[in-house]
Amino acid sequence: WIMGHMVNAIAQIDEFVNLGANSIETDVSFDKNANPEYTYHGIPCDCGRTCTKWEYFNTFLGGLRKATTPGDSKYHEKLVLVVFDLKTGSLYDNQAYDAGTKLAKSLLQNYWNKGNNGGRAYIVLSIPNLDHYKLITGFKETLTKEEHPELMDKVGYDFSGNDDIGDVAKAYKKAGVTGHVWQSDGITNCLLRGLDRVRKAVANRDSSNGYINKVYYWTVDKRASTRDALDAGVDGIMTNYPDVIADVLGESAYTAKFRIATYDDNPWETFKN
């Protein structure tokens, strides 16, 4: 999965997919009542990027729905996965459940079109704080209450705080999550980060009793760091330059081992060689 980083304006969906992304990451900020409000990152952000592009969250979902609904004039067949980077740092811990509830209602209405030919992309809810695991509970219980529990088949999870892998496992246990787990690792492109924790996550993914299904690394903009991440065995790379990742995947060292994921590749299944 080539994951376009910080895609917060509707116009950027086309831009990143046209550069080679089959997945995008979108920031979601919340108001003080835990309503998802804007797709917005803000300053500071990655080096070389404009930090302040934004839409209202529900407006963005409408654009995203069009981009992922077959038959729509804006449809992109290859856009198959969306990571919502949920900026829950502005919320109190006890608001996490409410945030999950409100997020589910927004997606149900504006993205899934109440289950009636809505967008088809797989969705990852990426949460920065392990203490906010109840966001997952709120999300799940709301879709059940709204009589669309089947949509949870399209939803996965990530805790994005670079926490100890064992602590992440405990948070999933509390949330009752037993699958659909993506594990992120990374840092802003302005700084360097080694691959030690990525290797631990990959080892967990590949062990018989691990909780991780997929591992992605962020934010990778250079060919050398792309090769290092691929050599470590990641499933996804988040980038500001999808064309760079696509180029490296085309190198002879990688064409036999990797290919770009399509809609038929289940993002919740651990890849077995």
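Cβ coordinates come from backbone N, Cα and C, glycine included.
Matching D72, D85, D93, D98 to the Mg(2+) binding residues that Swiss-Prot gives (E25, D27) identifies D85. When you check Swiss-Prot, the disulphide partner of C45 from the set C51, C190 turns out to be C51. Between the C-alpha atoms of C190 (disulfide bond) and H5 (active site), the distance comes to 14 Å. With all protein chains in the displayed structure included, the most crowded Cβ environment within 10 Å among the active-site residues H5, H41 is that of H5. The two recorded residues C47 (disulfide bond) and H5 (active site) have their Cα atoms spaced 12 Å from each other.
H5 (active site) sits 5 Å from E25 (Mg(2+) binding site), taking the C-alpha atoms as the reference points. With a 10 A radius on its CB, C190 (disulfide bond) counts 11 other CB atoms from all the protein chains.
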